[in-house]
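Noted in TrEMBL for the protein shown:
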type: BINDING; residues: B:C93, B:C96, B:C133, B:C136; note: Zn(2+) binding site
Protein chains: 2
Amino acid sequence: MATSDFQQLLRESALRVTRPRLAVLGAVHSHPHADTDAIIRATREELPDVSHQAVYDVLRALTDAGLVRRIQPAGSVARYEARVADNHHHVVCRSCGAIEDVDCAVGAAPCLHPSGRHGFVVDEAEVVYWGLCPDCSAAGSEPATTSRGRA
Amino acid sequence: MATSDFQQLLRESALRVTRPRLAVLGAVHSHPHADTDAIIRATREELPDVSHQAVYDVLRALTDAGLVRRIQPAGSVARYEARVADNHHHVVCRSCGAIEDVDCAVGAAPCLHPSGRHGFVVDEAEVVYWGLCPDCSAAGSEPATTSRGRA
DNA sequence: CCGTATTCTGGAACGAGTCAAGAATACCTG
DNA sequence: CAGGTATTCTTGACTCGTTCCAGAATACGG
């Protein structure tokens with residue numbers, strides 16, 4: 001995706017087009033499921049002097065605008081992805097924290113009938129599959145080198 | 001549930017029976033979905049001098065033993081509940097953070113066929129429904145008094 | 001090109017949770 | 001029932017992701 005596309009995305013969401021925003025948007029698009037720190041580093045490859053605060057602000061703005069999605073499996077720091085509004089879910093590795101996309105198992109719309117439960121007005125069903133990624137699974141119960149644990 | 005029941009639960013899990021553990025177990029049973037701070041306070045009603053560290057340690061031990069379940073919706077601190085091994089899920093209020101139990105929508109076992117995805121060995125499917133609780137829903141978009149937001 | 005509202009910089013602050021060392025305690029054994 | 005030992009609890013410092021703040025820089029409508 002080109003810079004001009006990102007510019008358009010921003011404008012369509014009534015967001016000002018700034019260099020930090022373009023850089024962060026690019027970073028999120030090229031690093032799916034990256035955590036904030038990784039995004040800061042990726043952003044700085046393009047724009048060496050962005051402050052971490054700017055990245056936090058931008059991620060919040062982009063999330064609020066729906067241009068990126070924030071995901072945060074239990075025990076993990078915040079992560080961001082660019083796939084939005086297509087109702088997919090995630091598998092998370094208990095051992096190394098790796099995340100992969102999983103398309104909705106049951107159908108298009110929210111996978112489970114989410115309405116009228118206990119009087120709650122439900123607008124989204126989020127599914128997280130927990131398990132072991134191929135690497136950690138192959139490594140048996142040996143601690144993975146990338147180990148992060150779950151809690 | 002009585003103290004003697006908790007004692008037995010601990011012994012069955014090969015955990016030593018200590019006053020802090022009994023107190024924390026009691027607190028979790030009587031305060032479903034409470035966060036750590038609330039559990040510390042509840043525990044101190046029975047055992048005024050427990051350290052927060054002891055509560056953290058105990059909660060970890062109980063979680064590892066499967067006597068309590070740790071839940072942590074995105075943007076929330078860790079919460080604990082005593083209902084375990086019955087495959088239920090949760091509705092979370094985006095406005096005030098309230099959590100309610102929801103029994104599995106599709107059947108007994110993990111709601112969605114969680115196996116062989118991308119080579120991951122999946123052992124659990126966790127579902128979180130996001131929306132507004134009756135109170136916040138009724139209050140329209142006015143900020144709830146208990147407001148916690150989501151991020 | 002100017003003015004103004006928004007965004008970014010730099011640095012301090014916050015809070016949930018963890019680490020570490022020593023004191024207390026549960027519980028196995030004889 | 002006492003002794004020994006491994007586990008657990010206390011105390012207090014500390015980490016790390018994230019947020020708050022005030023002032024400087026900037027985008028962009030007019």
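Note: Cβ is positioned from N, Cα and C throughout, glycine not excepted.
Locations of recorded TrEMBL features on the structure.
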| residue | record | Cβ neighbours (10 Å) |
| --- | --- | --- |
| B:C93 | Zn(2+) binding site | 25 |
| B:C96 | Zn(2+) binding site | 19 |
| B:C133 | Zn(2+) binding site | 24 |
| B:C136 | Zn(2+) binding site | 24 |
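Those binding-site residues from B:C93, B:C96, B:C133 lying by chain A, with Cβ under 8 Å from one of its Cβ atoms, are B:C93, B:C133. In the three-state DSSP reading, B:C136 (Zn(2+) binding site) counts as helix.
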